[in-house]
Amino acid sequence: MQSITEHKGCRASAKTGRASCGSQAGRGDLPVEIWERVKNHPCYSEDAHHHYARMHVAVAPACNIQCNYCNRKYDCANESRPGVVSEKLTPEQAVRKVIAVATTIPQMTVLGIAGPGDALANPAKTFKTLALVTEAAPDIKLCLSTNGLALPDYVDTIVRAKVDHVTITINMVDPEIGAKIYPWIFFNHKRYTGIEAARILTNRQLQGLEMLSERGILCKINSVMIPNINDDHLVEVNKAVTSRGAFLHNIMPLISVPEHGTAFGLNGQRGPTAQELKTLQDACEGKINMMRHCRQCRADAVGLLGEDRSAEFTNDQVMKMDVHYDLEMRKAYQKRVENERVSKVAAGQKELAGVSGEMSAITVLVAVATKGSGLINEHFGHAKEFQLYELSTSGAKFVGLRRVEGYCQAGYGEEDRLSVIMRDIRDCHAVFVAKIGGCPKSGLIKAGIEPVDQFAYEYIEKSTIAWFRAYVGKVKRGEIQHVQRGVPPRWPGDRISAA
């Protein structure tokens, strides 16, 4: 297996200046070996997240560091963030749950161990779980997430366990900044604090990343954007991890509310705005691609990104299930998914051919309501998030997410809720939906956002490019004037998602 940095797919394109590896890379952008490893991984491939599911098993409760943005909870069903689970599992319970989920959700292709503590602070449970899953379900990709403190000690064990993807959370490479994020670490049977703790942590993280890259393990770097603490500094983090062979960089917004009980939440540290996050992601994109579709999942998440079906697979429910692992059924289902993906790409490319050469300076941002499968298949009133696409003569580029409060509640909508949604997508020219009622449609039009429902249940890329083609045509004919919709200064209470 080659080291990651030897693959030409992880270098910047001479034509575009953008990296051709990472979450937005397609079949033609990557070496065949790398493509086969990421094509059905919903975190490492942006397109795959429309079609494939993942699951996390909560077998790693202990942690060896304290983060000011984290508060682990082991019996919590109503918070959607990392470090939270409804129940802890033994390795034996975990593998039974994996089989149950894989049987029920044949597009589930990835198992991750992401807490609620740190996977490598619980090595016996973590690697026993991975071994049991490899034996019972050999087609499932294995992942783990770690803060990196113990990583150098377990790199060879990770390779032997056939873990192909590792996520490392790296929030700084400057110990003075790190001291503001981490109160303490526990290393070599001793607790360290302050700058000394942060120095040990960053050295271990970067050492572990280099070791994994040399062994061909695909590494995703998670970084939490904390305004006025590490926001400007994350550009340096990006350079450091890129030079050490990281495959993908995921800059996530700080989740900071008092009810979560984190240090940052309790002291009023704000999270970034949507525009602040996108500006930073754009600044870092180039030699490495940025992951923009992260949902900051719970440590027991199950299903497609953006949905959580973990309540269907509690330990009590799984124990009652009569499960049989049908590998051939899973292969057949996933083959149908791949055929669908090929059709989707072909449809988008055909539509894009009609836009070539048309007013290349125009770019517009649109919001899409989708439940997955790469389709415009969600009702405006039921949408809990909108996916954002930047449209240009180069195509439809996924650039982020906006989480919203559902407009429809118990069969009715409220005007104040609509105003909040419109505020959250105020920089978009249009919103694509499967269906929309008269009241929200009228409100959106008044706000200058075009509601588009004529492409219901059609492919996102094909439909948005078709709309863009018509939009550019109207501009050329003088029927409308193109105006870039800007984002006003930060509004109190702005909410964003990690993409």
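Even glycines carry a Cβ here, placed using N, Cα and C.
Annotated in Swiss-Prot:
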type	residues	note
BINDING	Cys63, Cys67, Cys70	[4Fe-4S] cluster 1 binding site
BINDING	Tyr69, Gly117, Thr169, Ile221	S-adenosyl-L-methionine binding site
BINDING	Cys294, Cys297	[4Fe-4S] cluster 2 binding site
DOMAIN	49-298	domain 'Radical SAM core'
Rounded to the nearest Å - Cα separation of Gly117 (S-adenosyl-L-methionine binding site) and Cys70 ([4Fe-4S] cluster 1 binding site): 10
Assigned element (helix, strand, coil) containing Cys63 ([4Fe-4S] cluster 1 binding site), judged by DSSP: coil
Position of peak Cβ density within 10 Å, selected from the binding-site residues Cys63, Cys67, Cys70, Cys294: Cys70
Nearest-integer angstrom distance between the alpha carbons (Cα) of Thr169 (S-adenosyl-L-methionine binding site) and Cys67 ([4Fe-4S] cluster 1 binding site): 11
In three-state DSSP terms, the structure that Gly117 (S-adenosyl-L-methionine binding site) belongs to: coil
Local Cβ density at Thr169 (S-adenosyl-L-methionine binding site) - other Cβ atoms counted within 10 Å: 21
Under 8 Å by Cβ from Ile221 (S-adenosyl-L-methionine binding site), same chain, sequence gap 6 or more: Thr167, Ile168, Thr169, Ile170, Leu209, Val237, Val241, Ala246, Leu248, His249, Asn250
Sequence-distant neighbours of Tyr69 (S-adenosyl-L-methionine binding site) in its chain (C-beta under 8 A, six or more apart): Ile181, Val224, Ile226, Leu254, Ile255, Ser256, Thr262, Ala263, Phe264, Gly265
